[in-house]
Amino acid sequence: MFLLLVLLTGLGGMHADLNPHKTFLQTTIPEKISSSDAKTDPEHNVVYMITIEGKPYFVHLKKQSILSSASFIHSYDKNDIRHSKPLLVQMDCNYNGYVAGIPNSLVTLSVCSGLRGTMQLKNISYGIEPMEAVSGFIHKIYEEKFADTNILLEENDTYSWFNSEYQVRKSSEKTDFIKLFPRYIEMHIVVDKNLFDYMGSDINAVTQKVIQIIGLVNTMLTQLQLTVIISSIEIWSNKNKISTTGHAEYVLLEFFEWKKDHLNFKPHQIAYLFVYRKLPTLIGATFPGQVCNKDFAAAVALYPEGLSLESYTVIIVQLLGLNLGLTYDKTDTCHCSGDVCTMTPKAVYSGGVKDFSVCSLDDFKYISSHNGLTCLQTNPLEMPTYTQRRICGNGLLEGGEECDCGNKDNCTHKLCCDALTCRLKDNAQCGSGDCCSKDCKFKPANTICRKSVDVECDFTEFCNGSYPYCLLDTYVRDGEYCDSGGAFCFQGRCRTFDKQCDDLIGRGSRGAPIFCYDEINTRGDKFGNCGTEYCLFQHILCGKLVCTWEHKDLISRPNLSVIYAHVRDQTCVSTYLPSRKPPPVASTVSKTSYYSVDDRDETFVQDGSVCGPDMYCFKMRCKHVRFLMDFETCEASIECSGHGICNNFNHCHCEKGYNPPHCKPKKEAFGSTDDGHLVPAEKSYMEEGRHAPFQKQRFQLIFYISLPVLIITTAILIKRKKLRELCYRGETESESSVSQESSSNSKSSLSESTSL
């Protein structure tokens, strides 16, 4: 596995010379004008006339997909508690396009609350943003200027990873016949604390800048027909979760470990860490050619002081290109339509349009045609469904609205939201939604906003304390067992035949045996069918709902026709709604009076019902449950540590006492990262998962080291005491002996003296 470091030398010069100056040019009032495209599809197409230095530029824009309905922003308060909310308000804001009459021009703009973004012409870039303190849709125009500099990428270090083993294709291999088609990749973006502070320490402002960066990334990737969808933005607004100092490769390896524990990854997703460095020697690090390896799909992009958003975007595009398997261009053989090619060092500090070279395009075509990008989606998942127009007063929060409390007469939060403009009133935190109180404040975190409707298959959702709406519905992943293994969870309900029959005709009616289904659903009429025709035997449990009836009196539910069949001592019943309209003329040959397999009502078996061992019904067909569940993304025994179950987002929903995302033990924790329930985050998941065992091992180590030392010390003290007693006893005996000897000598002398 190669680790690629994008090395930028001479950054002392960059600090002084490469700092791009925003040269203010003028103020202007963009004018929205009509066009044939805008008239045909005004929701997706718009045209503005923007005058710069007396010259009108006609900017044609098309709606750009950057966010999905599942995109979230995560941030941390001063207590390091994480707060999450969807990015729904930003979904309809992003556009890209071109300037009419200027070949190869590129424009990337956000159109909510004014125009904000970049216009890239041949060799010059203009920025535009609203003057928020001034009324009247006045905007300021500035030019991005880069001073000449001799800063280059250090070739030996930068290209050290690129050898014969990693060669994308042979130069003789032609790719002219290969056609590209749209692909999508989801990106988790993490912003470190230093960059958060550098960008103004404001959650909304930093979020807007990140979205602006990815919008420009997508504009530059248009040649490759590749679109980046923001899966989540996590801003470390309180403190960094890993160390972001030191060499970029070490930061990448730390981020690599962090993402394994904290991000729920899918094969088509990638994680990027945005880091601020005042004067770095490296601008990034990544694993080349590993975009489809979810274990290594990550990169670190460093943001030097003074760098423009456009230049930083180029760094990210280059890193992403390396992730995809592209290489830096050899300037003597690789050429592009513009003055600067994207995969060259010069692109970082050049204004205007940057194109991918012929070499990069050929490499990308080759990789995509040789199954190198099979993980990338060919259709965007959960992309926004656009309506023909936004409607203020329909009670739905749509793009550009700050609130929507309903119409003027039925507004749910009259003190908080202007029902005519869908704007918040003064001092209001919120103006609509289940998590917005009547006094215009967010309801406290962990307030229930949507109760579970099925004890086995549905989960309760909570307000997160920072968003006015209840989060998306969460429930047990389709295909998980319920009813003691006799049924499957599907769309948040336990799909048992008994409950379906009781709901339809009541009085304890139960699901019928298979021979009742065989008798009725092979008829091919309005009481027994699989849509437009009779059911084949393998699908008979997936057509009309057949129940048993144990009462002597007839079923008397209004507007319900009933057929009775006596089979093997069982009274089998099937029903039909006579209020149904007859089929169109083209379908009169059908005896069932149903138009298609999708033309169903409550008299049919529900999708998700059991139709055999590990088999479930879907659109009147019996299918194997393995096609319903993605065990590669979420396997409860592994991802959830055996203390949770996978939800409809393929994330773990943890038991009480276990903390998401991987269900590690933690007091009072439960739920998932999707249901809004918050747990104080003083101790991170890594601290619980790694430091706790380490602490235990440390105490064990201290104990096992201390015990022998204590025993030895005690033994020494005891020995020393005995030795001291022995010495004392010896000294006493010695003194006594000397005394006796002295006395004896005295007596002897005295005797001798007397004798003389």
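Cβ atoms here come from the backbone N, Cα and C positions, even for glycine.
Database features, via Swiss-Prot:
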SIGNAL    1-16  signal peptide
TOPO_DOM  17-698  topological domain 'Extracellular'
DISULFID  Cys292-Cys375  disulfide bond
DISULFID  Cys334-Cys359  disulfide bond
DISULFID  Cys336-Cys341  disulfide bond
DISULFID  Cys449-Cys470  disulfide bond
DOMAIN    630-664  domain 'EGF-like'
DISULFID  Cys634-Cys646  disulfide bond
DISULFID  Cys640-Cys652  disulfide bond
DISULFID  Cys654-Cys663  disulfide bond
TOPO_DOM  720-756  topological domain 'Cytoplasmic'
REGION    731-756  region 'Disordered'
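When Cβ-Cβ distances below 8 Å are used as the criterion, the domain 'EGF-like' (630-664) is approached by residues 70, 261-262, 264, 266-267, 459, 473-478, 480, 492, 670-675, 679, 685, 688-689 of the same chain, each at least six residues removed from its ends.
Ranking the disulfide-bonded residues Cys334, Cys470, Cys634 by Cα distance from Cys292 (disulfide bond) puts Cys634 first. For Cys334 (disulfide bond), the spatially nearest entry among the disulfide-bonded residues Cys449, Cys470, Cys652 is Cys652, judged by CA separation. Checking the disulfide-bonded residues (Cys375, Cys634, Cys654, Cys663) against Cys640 (disulfide bond) with a 10 Å Cα-Cα cut-off leaves Cys634, Cys654, Cys663. Cys449 (disulfide bond) falls within a strand when secondary structure is assigned with DSSP. Around Cys652 (disulfide bond), a 10 Å sphere centred on its CB holds 28 further CB atoms from the protein chains shown.
When the CA atoms are compared, no disulfide-bonded residues among the candidates Cys336, Cys341, Cys375, Cys449, Cys634, Cys646 lie within 10 A of Cys663 (disulfide bond). Annotated pair Cys341 (disulfide bond) and Cys359 (disulfide bond), C-alpha to C-alpha distance, rounded: 10 Å. Taking a C-beta cut-off of under 8 Å and a sequence gap of six or more, Cys449 (disulfide bond) has these contacts in its own chain: Asp434, Cys435, Lys443, Glu461, Phe462, Cys463, Cys470, Gly676. In the three-state DSSP reading, Cys292 (disulfide bond) counts as coil. Within 10 Å of Cys359 (disulfide bond), counting C-alpha to C-alpha distances, fall none of the disulfide-bonded residues Cys375, Cys634, Cys646, Cys652, Cys654.
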